[in-house]
Amino acid sequence: MPSYTVTVATGSQWFAGTDDYIYLSLIGSAGCSEKHLLDKAFYNDFERGAVDSYDVTVDEELGEIQLVRIEKRKYWLHDDWYLKYITLKTPTDYIEFPCYRWITGEGEIVLRDGRAKLARDDQIHILKQHRRKELEARQKQYRWMEWNPGFPLSIDAKCHKDLPRDIQFDSEKGVDFVLNYSKAMENLFINRFMHMFQSSWNDFADFEKIFVKISNTISERVKNHWQEDLMFGYQFLNGCNPVLIKRCRELPQKLPVTTEMVECSLERHLSLEQEVQEGNIFIVDYELLDGIDANKTDPCTHQFLAAPICLLYKNLANKIVPIAIQLNQAPGEKNPIFLPSDAKYDWLLAKIWVRSSDFHVHQTITHLLCTHLVSEVFGIAMYRQLPAVHPIFKLLVAHVRFTIAINTKAREQLICEYGLFDKANATGGGGHVQMVQRAVQDLTYSSLCFPEAIKARGMDSTEDIPYYFYRDDGLLVWEAIQSFTSEVVSIYYEDDQVVMEDQELQDFVKDVYVYGMRGRKASGFPKSIKSREKLSEYLTVVIFTASAQHAAVNFGQYDWCSWIPNAPPTMRAPPATAKGVVTIEQIVATLPDRGRSCWHLGAVWALSQFQENELFLGMYPEEHFIEKPVKEAMTRFRKNLEAIVNVIAERNKNKKLPYYYLSPDRIPNSVAI
């Protein structure tokens, strides 16, 4: 009678263990065993973090083991169990069966060995059937839903507990936005102000009552220098929204600025048109905000939005500084162009309006749409179309970890009607929805390809723009990811023909196009992939968006937005329509009140924190891959990332404003906050 040694590993997260009965069946090429109860006398099996071994003897020859079936039956109360993996020592072999899934209720799970396989590799009927049944079950669990008209489709779940257990957070309490924001305000000692809506601050210094002063930090430097043009310009390159600035190839007609108006800012003694031709003029246009409805959820507080155009100049020191700001799109007598030569407070308020507009576009488009929602689309499509044995599933699963869950919590508490977003933001109350609906029309595949996106904005020259660290570090990380994905692709796809014939892969790509991009041809998202090179690029887009891009635009929020005048989430008076009338009192009365300031501060603090036990780029503790060539590729990937960490650390030495958001040791694997 054949005898097997079965090793069972239970997860180490909270509540991973179980007291339920666990049964195991072995399915081989020659037959299926009876189910065996895995139990040791006087021993507490399947405790959290435990690795337990059992001897299993079967009555007949099973042939080569193909599958392992695990069944969980209730002992007292239903007790979910997180199974990491099973190993099987047979008379002639040693087989690993990765799982990394929850078994809930009176459930069962059927596992394949850990070798990654394309559909063409499965010749045995039982394996083909297992593959098909897994996808059929997943497609019933992971359903598309339209949360708002025009949005990329999201998961069909009203709240976190409705999600499949495998993609829920280990502890929902840890990602409760209401709890976390309130806790953040308590930790920042600002909760005494959190209900003081309609109560204005007295002056700029008064904002220090809610500012946590930590020496030698970016946030402190922002507080001390936020009014300076150099600091204003620097943020377009290396702040938390470094994706909008582009080289100005032609002055737009809607911004009728002349050489005479900006002459005192031009250091090369050239006309404005000549500076444009020389490539020294840059522009940031917030046209997306034009006509967006401002927040009206609080009848006691009027809130306002602008749609500014900001012209910037590269001076002789190669630094970017603002030279002209128009606060709305249509030129006219009541929409003056503000200049550095204007009265101090005229110019300052114009810059504050730009910073406020930048905050809105950052939160809703750069952050929410282009990382969170896009990554969720990739995640849902992956679960629907790629079985766990598929190499692309094994590659991507770490990079969609908790993404669907965090987005579901956001729809439940944060960006829903009367959610937390409405409390402090001028684009709350529906404006943020309008913004996404507009921006989706311009979302393209090439905008997610980092090198292409940088080049399209004319920002690719390191000689012309030497202080664009977001670009420099992003390209290093992109190249490291692309090198890694190319290696993995070459292991499983020997030529382009294999890529084209992988129907599961093609269905995954098609799902993203049809449901994520809503079948919009102008998006440029591929409907299919026809080469190994294009597959590697596509996988790099998925991983880079979920990891590096999200890190770049998320984890600097407290640094750059905690000083309220530098990133006001709302404005309580409309943009100035004339020059020479702005006073310091008017600026303070325009900035957010005490209550909204506190909710904003709690939000940017909470969103900027890493998760407990965060997994950073290159960390793959769940061993979905067992093959040596892939593990060697992972090792090379980690070494490349470590080299990038060292390059960035060396550059940042002695810098007053270090840029570290794209250092791989600070880039989480996935969008999970």
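Note that Cβ sites are derived from N, Cα and C of the backbone, with glycine treated the same way.
On a predicted model such as this, the values are computed, not experimentally measured, just so you know.
Swiss-Prot lists HIS367, HIS372, HIS550, ASN554 as Fe cation-binding residues, and of the candidates ILE245, ILE648, ILE673 the one it assigns to that same site is ILE673. In the record from Swiss-Prot, residues ASP79, ASP80 bind Ca(2+) 1; the candidate from GLY17, GLY28, GLY31, GLY150 listed for the same site is GLY17.
Only ASP80, of the binding-site residues ASP80, HIS550, ASN554, have a C-alpha within 10 angstroms of the C-alpha of THR18 (Ca(2+) 2 binding site).
Within 10 Å of the C-beta atom of ASP45 (Ca(2+) 2 binding site) sit 19 other C-beta atoms, taking all shown protein chains into account. In this structure, HIS550 (Fe cation binding site) is part of a helix by DSSP.
Non-local neighbourhood of ASP79 (Ca(2+) 1 binding site): THR18, ASP19, ASP20, each in the same chain, at least six residues away, with C-beta under 8 Å from its C-beta. As a whole-number mean, the pLDDT of the domain 'Lipoxygenase' (118-673) in this prediction is 94. Residue counts for the domain 'PLAT' (2-117) by DSSP state, with H, G and I taken as helix and E and B as strand, are 0 helix, 60 strand, 56 coil.
Across the fold, the C-alpha of ASP45 (Ca(2+) 2 binding site) and the C-alpha of HIS372 (Fe cation binding site) stand 39 Å from each other.
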